[in-house]
Amino acid sequence: MTMKPKKSAYGTIAVLLTILAFGEGEIYIATLEGEPIVSYQGGLDGFEGTAVDADEKIDVTSDLVIAYSRHLEKKHDMLLGMLFDHGTYEKLYSYRHLINGFAVHLSPEQAEVLRRAPGVISLERDWKVRKLTTHTPQFLGLPTGVWPTGGGFERAGEDIIIGFVDSGIYPHHPSFAIDRMDPYGPVPKYRGKCEVDPDTKLSFCNGKIIGAQYFAEAAKAAGAFNPTVDFASPLDGDGHGSHTAAIAAGNNGVPVVMCQHEFGKASGMAPRARIAVYKALYRLFGGFVADVLAAIDQAVHDGVDILNLSVGPNSPPSTTKTSFLNPFDATLLSAVKAGVFVAQAAGNGGPFPKTLVSYSPWIASVAAACDDRRYKNHLTLGNGKVLAGIGLSASTHPNHTFTLVAANDVLLDSSATKHNPTDCQRSEVFNKNLVEGNILLCGYSFNFVVGTSSISKVSETAKRLGAVGFVLAVENVAPGTKFDPVPVDVPGIVIIDVTKSMELIDYYNASTVRDWTGRVKSFKAAGKIGEGLMPILHKSAPLVALFSARGPNIKDFNYQDADLLKPDILAPGSLIWSAWSPNGTDEADYLGHKFAMVSGTSMAAPHIAGIAALIKQKHPRWSPAAIKSALMTTSTVLDRAGRPIQAQQYSDAETMKFVKATPFDYGSGHVNPRAALDPGLIFDAGYQDYLGFLCTTPGIDSREIMNYTNSRCNYTIGHPSNLNGPSITISHLVGTQTVTRTVTNVAQEETYLITARMDPAVAIDTNPPAMTLKAGASRRFTVTLSVRSVTGMYSFGEVLLKGSRGHKVRIPVVAMGYQR
């Protein structure tokens with residue numbers, strides 16, 4: 001088989017950049033005065049408070065919540081009804097639980113009227129989001145180090161509900177099947193619903209899948225929704241949603257079988273966790289924020305514990321002064337207030353700086369790593385030369401060489417050239433008599449990059465023609481293009497190195513005898529394809545993937561650096577085997593298949609969501625911030641060989657190279673699930689802490705904070721770097737600055753020694769040097785940073801708290817020094 005470049009495999013699929021709408025209409029998201037359910041303290045006649053304490057679930061069944069919810073929706077309808085004639089607008093959603101507002105389809109003229117209406121505090125035109133898209137349980141040590149502590153894989157994640165805002169699910173996949181001998185019981189805390197497949201009339205739910213809904217009102221209003229390929233149901237028409245759900249919570253031990261080969265057994269991180277599906281992403285256009293907000297609002301209403309978002313915006317919001325405040329991030333802040341842990345893909349714009357699309361401190365932003373598995377293959381030519389390539393297939397007969405025939409030399413007639421025959425996509429244009437029993441040599445064109453040609457089609461062509469295998473030679477490729485292996489059912493290989501491809505072509509031409517017209521008289525080139533099914537395990541893992549988005553984090557549309565480290569953590573995201581929808585058309589090479597091996601931070605985020613479910617299972621009362629802290633402080637910055645983690649990067653010639661990774665590549669480091677279950681200390685934070693962060697971030701208008709949070713800046717933390725999180729970032733360090741942190745002991749009494757180190761340009765000191773904490777106790781410590789020299793570059797370091805009982809708590813430190 002062979003590989004394909006990172007197109008949709010990285011999730012960086014082409015999406016429409018303009019909103020398609022009927023006539024002059026557009027979709028707008030309005031936020032209104034008055035608190036949503038999650039933060040309403042009372043004060044209106046007839047409506048008592050519904051606000052939840054920090055990290056507490058909303059009781060959506062209470063009469064108070066139901067009454068206030070109806071009140072908000074009625075206010076939304078009344079406002080629109082007073083401003084516009086019936087039939088001239090379409091309200092798509094009312095948002096009541098996490099933000100107070102609605103999505104509406106209006107003309108631009110109507111939007112201006114609504115913008116100026118009393119009680120409207122913001123109106124933003126809807127914008128686009130995009131998808132950010134086995135072996136990893138063993139790589140992460142789950143079967144031996146984590147699952148046994150929770151009762152084995154049979155109970156790993158029991159009764160924890162993970163919500164997926166994605167492209168839906170293929171419910172008939174074995175990764176989501178139920179075991180009749182070990183059925184799932186009811187989960188009374190979950191209040192979501194299950195939609196019915198309009199074609200089969202069967203429910204999407206089975207106990208493993210506990211909820212299934214779809215959200216497409218904005219997509220429909222924009223004219224982007226096509227029910228033929230997008231499906232007006234939770235059914236996955238893409239593949240992405242099934243893939244992410246199975247990574248986090250798929251069943252354990254599901255054989256991954258493709259093209260008559262088994263590539264191991266797949267498992268989710270938390271195989272017993274429940275799956276709640278909120279479809280809001282679609283194949284061709286990604287998704288609309290209005291639909292995504294409705295999905296998130298519904299998921300929190302329904303009672304999910306964990307929320308996985310393998311989705312992100314195309315760029316920072318341009319309508320607000322800060323990247324942390326917009327309807328999307330404000331909704332997620334309220335979700336965290338309601339006790340929901342949120343894992344979001346960091347983005348696929350790497351390896352370039354400031355490419356993150358997940359900005360806020362209340363979200364766990366996940367970068368993507370290559371794990372220890374690599375697939376390689378080789379082509380041995382008749383002259384003895386061995387050319388390296390990628391081919392996820394069986395070998396040709398190991399003791400025989402076979403004749404090579406180039407696609408252009410085995411056409412039925414010259415008119416077939418209009419079909420770009422070198423791509424080998426159509427068997428009917430070739431002379432089967434010349435191909436049968438030989439190796440078909442094809443060319444890798446730009447059509448493979450854009451997805452109009454596929455490697456699986458090459459394999460199909462070779463098989464129909466009776467070829468013993470195929471070779472796909474990459475003669476011209478953009479610098480830095482990365483290829484992923486694709487399973488095929490005939491021997492096949494892609495020669496991805498252009499110089500090696502030219503060696504192959506030169507050999508073929510020199511060996512092929514032609515007449516004066518150029519027609520082949522006899523084929524003399526020969527070769528054999530090696531076996532590429534077995535992965536090679538590397539100690540250089542983990543490695544930050546080339547495509548994974550990088551920091552520094554930004555605080556506004558002008559890309560000014562924020563005093564907050566992102567990404568937060570690194571998890572496997574390259575070449576991940578997982579479930580796929582046979583209906584899924586996102587990856588041409590996996591059309592009709594039930595499994596796919598794809599890459600992206602989309603694949604990294606559900607690893608963290610599933611591991612967070614295991615932590616939630618063991619520590620059900622932990623806050624989202626506590627879970628995030630446990631994941632970050634126990635992560636590792638060393639690879640399997642004990643060396644510092646490296647990152648894939650471009651060289652000056654735009655070829656691949658490896659550099660020492662920094663916190664801007666991996667955040668705190670690569671996730672270590674076993675250690676995260678028992679972190680020793682946690683850095684906890686809640687809603688007020690996040691408000692304090694917002695209120696001390698320079699450039700944010702307090703009125704804007706009020707608009708999005710319904711909260712005044714009555715609480716300050718002095719400087720945004722004082723947010724009590726498991727990292728420290730000062731983007732503009734002048735002279736000396738001291739930051740504070742508070743740790744809480746979640747283990748037995750223990751004494752911790754506190755040490756720190758930093759790059760030479762910045763001095764670092766901690767106080768006190770040691771502290772003893774009883775079980776459940778909290779203590780403060782300070783970290784002081786001082787400029788030694790101004791380099792114009794960031795300095796990196798860490799604070800390490802080493803416990804007498806063996807716990808190690810590490811937090812990254814990032815700072816850039818400036819002259820006074």
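Quick reminder: no glycine exception, Cβ is built from N, Cα and C everywhere.
Bear in mind that the values here come from a model prediction, so they are computed numbers and not experimental data.
Features of the protein shown, as given by TrEMBL:
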type	residues	note
DOMAIN	71-130	domain 'Inhibitor I9'
DOMAIN	157-643	domain 'Peptidase S8/S53'
ACT_SITE	Asp166	active site, charge relay system
ACT_SITE	His240	active site, charge relay system
ACT_SITE	Ser602	active site, charge relay system
DOMAIN	722-814	domain 'Subtilisin-like protease fibronectin type-III'
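Shown on the structure are the features that TrEMBL records.
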| residue | record | CB count, 10 Å |
| --- | --- | --- |
| Asp166 | active site, charge relay system | 29 |
| His240 | active site, charge relay system | 34 |
| Ser602 | active site, charge relay system | 34 |
- Query: At the Cα level, what's the spacing in Å between Asp166 (active site, charge relay system) and His240 (active site, charge relay system), rounded?
  - Reply: 7
- Secondary structure content of the domain 'Subtilisin-like protease fibronectin type-III' (722-814), with strand meaning DSSP E or B: 1 helix, 62 strand, 30 coil
- His240 (active site, charge relay system) and Ser602 (active site, charge relay system), compared by Cα position, are separated in whole Å by 8
- the domain 'Inhibitor I9' (71-130) resolves under DSSP into 21 helix, 21 strand, 18 coil
